Structures are given as structure tokens and as C-alpha cells.
Amino acid sequence: MIWTNMELLPLVCLCLLTWSGTTFADGNETEIIRVSAGSDVTLPCSLKEDVEQKRFEWMKDGLKEVFLFDRAPQPRQDPEFARRVSYFQEELRNGNASITIRDTKMADSGNYTCDFPGRQTSHIQLVVGAAVNPSVTTLRVTQDWAALQCVVRGASPQTEVEWQDGSGHNLTAQLQVFDRDGRYDIILQTTVTKTDIYRCVATQKEISHQTHAWTYVFICGRHSGLVAGVAVGAVLGTLVVVGVVLAVLRARGYRCIKGSRSNTF
């Protein structure tokens with residue numbers, strides 16, 4: 001069979017329309033949401049119409065059933081999300097198909113989809129990080145310097161750790177990072193030579209989390225010179241005062257003797 005250009009035109013248009021429709025339905029950009037483990041997170045999804053009588057399905061990584069709604073919540077759900085997922089019943093009439101996952105865990109990280117069959121699919125990447133708290137210790141102290149260590153354990157995602165002095169200036173430090181199956185142990189050591197307050201700052205930009213621990217360091221050597229100077233100054237000052245007093249007394253004594261002698265005659 002031979003097709004003419006005019007006969008092919010409708011088929012081409014139909015194919016273009018079909019392809020464009022598919023692209024529109026699945027063409028939403030992936031939204032990235034970052035939270036700290038233990039917090040609650042809402043995954044957004046909506047349709048511009050009442051969805052109370054619609055069917056929509058939330059899946060994780062294309063395999064795990066997170067939440068299924070078909071005119072009512074359905075019991076099909078992966079045990080991993082049992083009793084941790086809720087929806088906004090009063091908002092369904094406004095097209096709100098969002099869900100909230102309570103008490104998030106590291107294992108909740110992944111790619112989520114909210115699917116209205118044949119209508120729309122939304123894509124969300126959830127990143128659940130382990131919020132860290134650094135700990136600091138003083139490894140060694142001498143009269144002239146002190147060695148400090150900061151330790152961060154189980155950080156995820158990888159964390160930026162810095163030593164800062166009391167003015168907020170970053171210090172030169174030696175960094176060690178150990179990868180524990182996607183969670184990181186970080187050790188940061190520095191040497192300081194002045195009395196000050198020092199902070200170890202841990203920053204997790206991906207989950208918008210920052211915390212710090214601090215320690216006070218007293219360097220004796222930095223003050224020993226001052227103390228010695230004060231002591232020497234005090235001794236010299238005392239000697240000068242004593243010398244002046246003696247000189248005054250001698251002068252007065254000499255005049256008294258001369259005076260008495262004069263008066264005797």
C-alpha cells in the first residue's frame with residue numbers, strides 16, 4: 001500500500017500529540033527534599049481538581065508501596081511505612097494528595113513518585129541525613145601549645161568540619177575521614193599557641209544543619225614572660241623606693257646632727 005503525504009499527515013499529528021501528552025504527564029522535574037533523621041517530612045503532590053473520588057499511589061524506588069488511595073485509603077503498604085504515613089483528608093477536595101512520613105529514618109532516603117494513573121506523575125527525591133554533634137578533647141598541653149581533637153561519628157551526608165578560634169577564623173588542621181557504608185567518621189586535629197576559646201563546627205549543608213562544640217585553652221607560656229616581667233618590675237620598684245627612703249632618712253639625720261651640734265654650742 002502506498003501512502004500519500006496528505007494521508008500520512010494525520011498519523012504524524014496523532015503520534016506527535018501522543019508523545020507530547022506522555023511527556024507532559026511525566027515531565028515534572030524531580031524535587032529534592034532534605035531532612036534530618038527523626039523529623040517528619042511532607043512529600044507534596046496535587047492535582048488541579050477534587051481527588052476525593054480519584055486513585056493515586058505513592059511508591060518508593062518504584063518497588064515499595066508507601067500509600068495507596070482509591071476513594072479511600074487502601075491497606076496495601078510496605079511494612080517499612082506501616083503506621084508512619086498520613087494524608088490530608090480534608091484537603092483532598094482541593095486536589096491535595098500530599099503525604100507525611102513521621103519519624104524519618106536513613107533508610108527512607110530514595111526516589112518517590114505520586115501517580116495519578118494516566119494523568120500525572122510527580123517525582124521527589126528524599127534525602128534523610130543523620131544530624132551530628134561533634135565532641136572535642138584536648139590531647140596534650142604544654143607551656144607553649146595545645147593539641148586539640150574534634151570527632152564526628154556517623155555523619156550522613158558527608159559533613160564539613162572546621163576548627164575556629166574565638167574570633168571565628170578557621171584554623172589549619174589535619175583531617176581524617178572514614179567511610180562506614182555511607183556514614184562518615186571524621187577526625188580533625190589542630191595545634192593552638194594562644195589562650196582562647198576554640199570551636200569545632202560541623203556543617204551539613206544538604207540538610208541545613210550546623211552545630212558546634214567548644215573548649216577553653218590556657219597557654220601558660222604566653223603569660224609566663226608577663227608574670228616574670230611584673231615580678232622583676234615589682235622588685236626593682238621596691239628597691240628604688242627603699243633607696244629613696246634611705247636617702248631621705250640619711251639626709252634628715254645628717255641635718256638633725258648638725259642642728260643639735262649647732263644648738264649645743
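Every residue gets a Cβ built from N, Cα and C, even glycine.
Since this is a predicted model, take the numbers as computed values, not measurements.
Features as listed in TrEMBL:
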type: DOMAIN; residues: 10-114; note: domain 'Ig-like'
type: DOMAIN; residues: 134-204; note: domain 'Ig-like'
type: SIGNAL; residues: 1-25; note: signal peptide
type: TRANSMEM; residues: 226-249; note: transmembrane segment
Taking DSSP H, G, I as helix and E, B as strand, the domain 'Ig-like' (10-114) contains 29 helix, 36 strand, 40 coil
Please spell out the DSSP helix, strand and coil residue counts for the domain 'Ig-like' (134-204). 0 helix, 50 strand, 21 coil
